[in-house]
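Novice: Mind looking over this structure? Questions follow.
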Amino acid sequence: MKVLAITSCPNGIAHTYMAAESLRKAGEALGVEIKVETQGSIGVENELTSEEIQTADGIIIAADKNVDKSRFVGKPLIETGVQDGIHKAQELIKKFETGNVEVYEESRATVEEGKAERKSQQNAFYRHLMNGVSYMIPFVAVGGLLIALSLAIGGVPTDSGLQIPKDSVWKQINDVGVAGFTFMVPILAGFIAMSIADRPGLAPGMIGGYIAANGSFYGSAAGAGFLGGILAGFVAGYVAKWIKTWKVPQMIQPVMPILIIPLLASIVVASLFIFVVGAPIASIMSWLTTFLNGMQGASSVILALILGAMIAFDMGGPVNKVAFLFGASMIGQGNVQIMGAIAAAICVPPIGMGVATLLNKRKYEKAEREAGKAAIAMGLVGITEGAIPFAAKDPLRVIPSIMVGSMVATVIVMLSHVGNNVPHGGAIVAVLGAISHPIMYFVGIIAGVIVTALMVNVLKKNIS
Amino acid sequence: MKLTELMTENLVDPALKGAGKDEVIDLLIEKLDAEGVLKSKRKFKKAIEKREKEGSTGIGFKVAIPHGKSKAVNKPAVAFGLSSDGVDWNSVDGDKAQLIFMIAVPEESAGNEHLKILQMLSIKLMDEAFRNELLQASTQEEAWQLLEQIG
């Protein structure tokens with residue numbers, strides 16, 4: 001049996017949570033699956049999803065305050081005071097076992113409810129994204145910090161970028177960090193899908209995310225990055241959710257969530273990347289490469305603007321890769337100034353977002369503020385990915401801000417003729433002596449960071 | 001953050017005097033006021049009484065949590081008193097209240113960390129073993145050590 005409950009009290013300070021805890025304990029004692037939404041002064045926590053309501057055997061509202069019941073039309077519903085939630089939790093749950101609980105009916109579906117419904121659908125997109133991002137952040141932090149540390153201490157500048165000697169212990173530490181990064185996009189996609197479709201969504205989401213992040217599946221030199229991961233997560237989630245609604249014979253019902261749904265949804269999301277998304281990514285990459293090569297004669301300011309925007313746009317995704325490889329190949333042709341501009345652009349997104357979290361705490365949740373500190377460390381050693389959690393959570397505000405910041409940095413650095421002969425970015429290349437005019441290099445980075453931080457904080461709203 | 005960060009040792013009284021509910025409320029308000037928690041004792045008491053009118057905060061299990069959210073509160077704080085005789089608090093289960101937590105919360109305050117702490121306190125009070133340990137506390141220090149576990 002599965003029971004849902006809502007607890008609430010006038011001040012929302014104590015009784016709400018006592019009743020919730022008491023109901024949870026009672027559920028545990030009776031072997032009944034229970035989830036309790038608390039409507040307290042902190043706000044709504046542990047919110048019941050429409051899916052959970054659909055599959056629940058009964059609803060308990062233990063509240064001394066008005067609770068919106070429109071979500072529960074057609075469900076057996078017990079309404080009582082919060083005190084009963086504290087003292088009579090077991091009795092309340094047992095009532096559903098005997099089955100004589102009245103089903104809640106409401107004849108007048110009001111306009112108000114329709115509005116609330118639409119609003120919750122709009123928020124669903126962000127809710128799914130946020131779920132994915134919150135699970136991804138520790139992977140980015142662990143991976144990013146270990147890579148940052150090993151590059152900063154063990155890295156040696158070479159023609160092919162900052163390399164860590166194979167016999168060094170830092171190589172192994174770096175590998176552990178890379179393992180963390182490898183999980184980043186699959187975890188993002190997996191938990192977006194899980195937020196949409198519950199457990200059956202996790203496997204297709206993670207598999208889809210892995211495919212999205214690995215271009216080799218679809219003949220592309222670069223994967224689709226975190227933006228591809230978000231796409232994979234949503235596709236896997238909604239496909240799984242749709243398959244869940246299929247009417248299937250009783251006999252195969254038990255294997256639906258563990259076998260059929262994950263299998264079919266994985267096939268759909270994999271096919272999408274291999275047959276539909278993959279080819280355009282590969283052709284966009286080759287088109288962008290040709291385009292950049294053609295831009296060499298054009299004004300250096302325009303080239304700088306384009307490169308800055310490309311580096312920040314998808315942070316490690318295909319567009320970023322094209323710009324980076326273009327800069328690296330230019331070093332081989334003796335033009336080190338393009339890599340100079342790119343190196344500055346690389347570190348603006350993570351440092352800019354980190355500084356933004358320090359400037360205005362009210363616009364970022366606690367986990368984000370921690371991710372912000374890690375992002376600054378990653379930015380200093382040229383790991384753009386540090387900004388991904390921010391961009392994945394709120395792409396429409398964050399991506400433009402980091403693009404503009406990186407463009408400011410590339411233009412300043414390009415006009416100052418700063419050269420960089422190591423294909424790597426961040427403050428570390430200057431520290432290692434690869435930058436020809438370190439002062440103007442840092443001026444460009446700082447200007448870009450300030451622009452990004454101010455712009456994103458203007459665009460972002462306070463968290464509620 | 002811990003519950004004890006919302007408390008000082010002076011706010012813990014292992015031998016709470018006061019015969020009736022009203023007297024105990026006054027005693028605990030005095031303690032909060034002595035620690036600089038309140039702007040106005042009178043206004044805070046009004047908030048406490050208003051909440052008691054909406055329904056007794058005697059939650060049963062020998063626990064009462066009179067609480068007030070008011071502009072008269074400078075900073076979130078919790079006072080704890082242990083009454084050996086018990087105080088009649090109109091509890092649902094009829095038992096006298098022995099573990100009395102008075103909670104003061106400002107009307108508006110930045111962040112909700114203190115609300116999280118009170119949430120932890122509420123959850124912990126549902127734990128019978130913890131309540132029994134607290135009932136056994138005989139000194140300020142013993143009570144403080146138990147309260148330090150919360151958060």
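Glycine too: its Cβ is placed from the backbone N, Cα and C atoms.
Taken from TrEMBL, the feature domain 'PTS EIIB type-2' applies to A:1-98. According to TrEMBL, the domain 'PTS EIIC type-2' annotation covers A:125-464. Residues or ranges marked as transmembrane segment in TrEMBL: A:135-156, A:176-197, A:217-239, A:259-285, A:297-316, A:336-359, A:398-419, A:439-459.
Looking at the shown structure, what environment does each listed feature sit in?
Specialist: Through the fold, the transmembrane segment (A:336-359) approaches residues 300, 303-304, 307-308, 311-312, 315, 323-324, 326-328, 330, 368-369, 371-376, 378-380, 382-387, 390-391, 398, 401-402, 405-414, 417-427, 429, 435-436, 441, 444-445, 448-454, 456-457 of its own chain, all at least 6 residues removed from its boundaries and within a Cβ separation under 8 Å.
If one looks beyond the transmembrane segment (A:398-419) by at least 6 residues along the same chain, the residues whose Cβ comes under 8 Å of a Cβ in the stretch are 300-301, 303-305, 307-309, 311-313, 315, 336-346, 348-349, 352-353, 387, 390-391, 435-437, 440-441, 443-445, 447-453, 455-456, 459.
Non-local neighbours of the transmembrane segment (A:439-459) in the same chain are 308, 340-341, 343-345, 347-349, 351-353, 355-356, 359-360, 363, 390, 397-398, 400-402, 404-413, 416, 418, 420, 427, 430; each lies 6+ residues outside the stretch with a CB under 8 Å from one of its CB atoms.
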Novice: What is the three-state DSSP composition of the domain 'PTS EIIB type-2' (A:1-98), stated as helix, strand and coil residue counts?
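Specialist: Residue counts in helix, strand and coil order: 41 helix, 29 strand, 28 coil.
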Novice: Pop the mean pLDDT for the domain 'PTS EIIC type-2' (A:125-464) in here, whole number is fine.
Specialist: 91
